[in-house]
């Protein structure tokens, strides 16, 4: 099965909304148990989406960002893992082997981005100082 451009766009919108939820709303739409069925619905295989989302939820159930430790990015991991399971027809436990490396790699990128942005924030604070004008 191939993913159409419209389906890829819909998955991107789902990832965007889930990312907003993860950092702002915390309605838990970013959890795999919710994202898996949504990906399955978009790709036309709700059953595999539910099974893969549930399996990935078991993998990431107890992970929480505490202090400086950041867990793998569950959003990208779930979307990539579920899409992989649906498009290739593999079992959900095989999708875990694909989802986890993607989740770790994306979280490393996000941590790097946040580290770079921390240096920019002091410059932004200086630029908004009204006495500087």
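Heads up, the Cβ atoms here are built off N, Cα and C, so glycines get one too.
Per Swiss-Prot, the topological domain holding residue 54 carries the same name as the one holding residue 123, which places both on one side of the membrane. Here the topological domain 'Periplasmic' (24-32) is broken down by DSSP into helix, strand and coil counts: 3 helix, 0 strand, 6 coil.
Take the transmembrane segment (66-86) and the stretches 3-23, 33-53, 94-114: counting Cβ pairs under 8 Å, 94-114 has the most.
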